[in-house]
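Scroll down for the structure; my scribbles are underneath it.
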Amino acid sequence: MGSLFRSEEVCLAQLFLQSASAYSCISELGERGLLEFRDLNPKVSPFQRRFVGEVRRCEEMEKTFTFLQQELRGAGRVPGPCPESPRAPVAREALRVQEQSEQLAQELREVTRNRASLRGRLRELRQYLHVLREGQRFTSLPAPLGSPPRPRALSEREPILDPSLHQHLERKINFLAGVIHPWRVSAFERLLWRACRGYLVASFVEMPEPMEDPVSGESITWVIFLISYWGEQIGQKIRKISDCFHCQVYPYPESEASRTDTITGLHSQIQDLSVVLEETEQYLAQVLDKVALALPTWRVQVQKMKAIYLILNQCSFDVTEKCLIAEVWCPVRDLTQVQDALRQGSYQSGSSVECFVQRVPTSESPPTLIRTNKFTAGFQSIVDAYGVASYQEVNPAPYAIITFPFIFAIMFGDVGHGLLMFLFALWMVLYEDSPRLRQGTNEIWLTFFEGRYLILLMGAFSVYTGFIYNECFSKATAIFPSAWSVATMANQSSWSSAYLATHPSLTLDPNVTGVFRGPYPFGIDPIWSLATNHLNFLNSFKMKMSVVLGIVHMGFGVVLGVFNHVHFQQRHRLVLEFLPEMIFLLALFGYLVFLIFYKWIKFSAADSLVAPSILIHFINMFLFTSNAENLPLFPGQVPVQMVLVVLALASVPVLLLGTPLYQWCRQRAPRTVRPAAPVSTGEQEPLLGGQEAGNSVNATKEDVESGGHSPDAKHLDFAEIFMHQAIHTIEYCLGCVSNTASYLRLWALSLAHAQLSEVLWTMVMRNGFVRLSYVGGVVLVPVFAAFAVLTVAILLVMEGLSAFLHALRLHWVEFQNKFYVGAGYKLCPFAFASDTWE
């Protein structure tokens, strides 16, 4: 938790890796996820780097794995996740994986191709069988009833038409049979009739069973056609038209005996093909079982291997090309783990030379590393959405753990609604290890699940503020007896029957002895929910509460800036920035908070009618005037207000000019210049020749000569500093006014939520109770269902999202801009995360 308040110390380091053990060392570092590698070859093309061949080899294996995965999905199998995270394979193991995967891919291609050809052949045989069966019905018509049986001529030249009409016709009748897609039947028949002028007889019938379409893969019911014609020219036209319509044409024997023999042969071929196809399917299932068992592990191994070679491509070789040098960002406290990982990698590779790590001084700003857990990750993501913290800057996340749910609860205060939200989040927390909840595909659900601890605290704080507001689904609860006594007021007043008849609203006077017995023990007295002026009372209370909490929140943000000034050794900012900012904020708005509390303490119900207006006093404070009708709260109020305004105005030029003048004076002060040490030569040169020891290995010659800065880096631009400070001063001074007004959204959102709750209760549940007769118990069920749905949809989801966004704005704009820069970048360590490979 120490790094949660401020990012960890991160250093720049160099890894010296022997060529033989570099692969094993990077693999061990990837398993631990400690370092962020920097590219030392930014100007080298990816196709010209040293390990580009190994990367291409991994990509070829990934293509093979993609083919295997597609075959699995095509067979209706989903490859599961890898049961355990395997380590990156060594060279011999990688070669074995490549050979086995290519062998399985080749087997799958052959078996799939054979299965497709067998299925196609079996489909054609079945279609042919149906064509012959249906053709027999057309060519073997029975004789009419009552006529003597006519012996069938054995000649193939028997005319179809009546011989008495066409005795001169002695032509051979030919047949063309096949199947056609049902969508093309009407157009096919129409074109046949027009092209052949009716010199044919065509019959169409649907196939008894549906079959697969080889083009689309869908199961359709094909249409069988049998065309009888005479004349070779007509036959050629019919064949061309059939080819145009992609018809499957089969040979049709003209004699009945030949057709019977063909059908018998087709039956035997279909049986043989079915047996072969079944055996092929079994062998294919065995191959797919092998693929499903090995593929998840292979994918993880190859992806790790590819990631390692991509990291090695970012390394630089020394002058002897026997050692790789990597440049990394590393948390200081993990340096011992890094050295242990390098030692372990060297041992696994069998190298006799041990790799090592060395810190390198640098002037660059290191990346930001803030370690989180499942509880703090949601709050840290809220801060990072505004901007990643600069290096070693104060982190607002630990403070937002309390302030964010509390500010949300101020706008969402209701015991019932908060309890529902708390129970929903508690359910997610208790079952957070369930794979069904973690592996959801709905992005909105994953957002809720990742922020389950945030929702849990928002619900708990909403219950707390709901007890303060004394609201549960817009209804007050009498946990303690009311401090107001109506009976005492009735006994000590002149409330007659006529007075009660003419006055529907009665006033309780707290000045009457016994009517008001002191403040309510906790929260707001439930009698206010029955009063007609309860809205005026709550408006005054919540408006002042919003102003007080807002100024405290902003002041806390200004105080947090002190830790930044002290940590970065900028103690002059404590006097030139922090002190003027606090004087400006407290002299004006801190004084407003003082007036609110002073008026609450000094004036009671007895003298409340003569209590002055704080708003008028605050306006007169800026105008340097006083109002005789508005009495002062305390003696000497006007001089005190004048002094405070003068102090606030005097702090503005200090805030504006203090830091720029300090920087300018410091720049003009004489400095002691230390001569540069000569660069040693010979055996004392570093491994990367031509560069100073201790500098970044990807630094240019000019960077080395200037110590990592440009030649003009030492000369501060006074105009730029002054403009930056002027913008900061204007933003802070105007922001104190606008941000204080912005916190009034706490009052507005709280009031809106309470009124929506009351409207929903009055319009739905109250009508269900009042307007129903003896059947109310039955009808109340759908009424309550409607009330529950509207409560969840409007008050929990919509109002909850609105309050969340307003709380987010108050933290980003009003709170964090007082001390938080957010100009950093995250440390992205090289790690083999398990979620990445699934």
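Using N, Cα and C of the backbone, Cβ positions are placed for all residues, glycine too.
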Range among 187-206, 307-326, 547-566 that TrEMBL annotates as transmembrane segment: 547-566
The transmembrane segment (640-662) in contact with the transmembrane segment (406-430), cutoff 8 A, at least 3 CB pairs, sep 6+: no
Highest-contact recorded stretch vs the transmembrane segment (547-566), from 406-430, 578-597, 609-628, CB pairs under 8 Å: 578-597
Average pLDDT across the coiled coil (94-128), rounded to a whole number: 91
